[in-house]
Amino acid sequence: MIIAVDGPAASGKGTIARALAKHYKLPYLDTGLLYRAVALNVARMGLDPESEADSVAACDFDDAMMTDPALRDDDIGALASIVSAHPLVRAALMQRQKRFAAQEGGAILDGRDIGTVIAPDADAKLFVKATPNIRAQRRHAELQARGGTASKDRVLADIRARDARDSGRSTAPLVMAADAALLDTSFLSIEASVQRAVALVEAQRAKKAAV
Ligand code: CDP
Ligand code: CDP
């Protein structure tokens, strides 16, 4: 079984995907980390994120990079959304994601283009959303817990800028797949979001089994 989970920043897709991975005992890949690794490489190598050639040069990283705590920084998220708009960066990371999705026994991946590009034939697809204000609130709380000092307004502005960039790019924009189920977590607890996600996955599997 392949499960695709997409959605904008702080919608809850990672929390939901991790819980689904546990529930269905599937290996899980947070594809945002791949783009964040490229972004961190660009920053550390002093390259230009707006340059496609520079960003492609930063796509060569080893697995140790994927566990670097700096990947979680908000400025790396913003940088990731710049480098991820380059078609050649997306192409460089594509096989790795497709291989993960196609492994025996299935997999669950979360990101922006899993249901549309990486695993268009996924058995279940979720598109997770929440209002920009609520997402900013969540990100702000996370930042504060880590000792960050950015204001809520700053976080909201960053989220809006990232949404616009991710949805507006021409290659693999953030868009809900036609056959995805929508899950709005704005007014749902984590537990309720996960419960709803399992119900939506089960409904999609039942529908597929019936045809
Ligand atoms: O966790 P959060 O939603 O804040 O970000 P992320 O999933 O780690 O993704 C960081 C950035 O990488 C996003 O803003 C996207 O621009 C990019 N990304 C993408 O283009 N395609 C994906 N499948 C995953 C992430
Ligand atoms: O992966 P993504 O950036 O979409 O979001 P996340 O990291 O799963 O969730 C962002 C924050 O929202 C985390 O601190 C979650 O615990 C929280 N969250 C929440 O408060 N309520 C939900 N229904 C889902 C997530």
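Any Cβ shown, glycine's included, is placed from N, Cα and C.
Unlike curated entries, TrEMBL annotations are predicted automatically.
If you check TrEMBL, you get these features:
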- Gly7, Pro8, Ala9, Ala10, Ser11, Gly12, Lys13, Gly14, Thr15: ATP binding site (BINDING)
- 3-201: domain 'Cytidylate kinase' (DOMAIN)
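When the binding-site residues Gly7, Ala9, Ser11, Lys13, Thr15 are checked against ligand 1, Ala9 have a Cβ within less than 6 Å of one of its atoms.
Compute the center of the Cβ atoms of Gly7, Pro8, Ala9, Ala10, Ser11, Gly12, Lys13, Gly14, Thr15, which mark the site for ATP; besides them, the chain residues with Cβ within 8 Å of that center are Ile16, Asp110, Val128, Ala130, Arg135, Thr185. If you take every residue in the domain 'Cytidylate kinase' (3-201) and average the pLDDT, you get 96. Taken residue by residue with DSSP, Thr15 (ATP binding site) is part of a helix. Counting other CB atoms no more than 10 Å from each candidate's CB, the binding-site residues Ser11, Thr15 peak at Ser11. The Cβ of Gly7 (ATP binding site) lies under 8 Å from the Cβ of Lys13, Asp110, Arg112, Leu126, Phe127, Val128, Lys129, Leu174, each on the same chain and at least six residues away in sequence. Summarising the environment of Ala9 (ATP binding site), the number of other Cβ atoms within 10 Å of its Cβ, over all protein chains shown, is 26.
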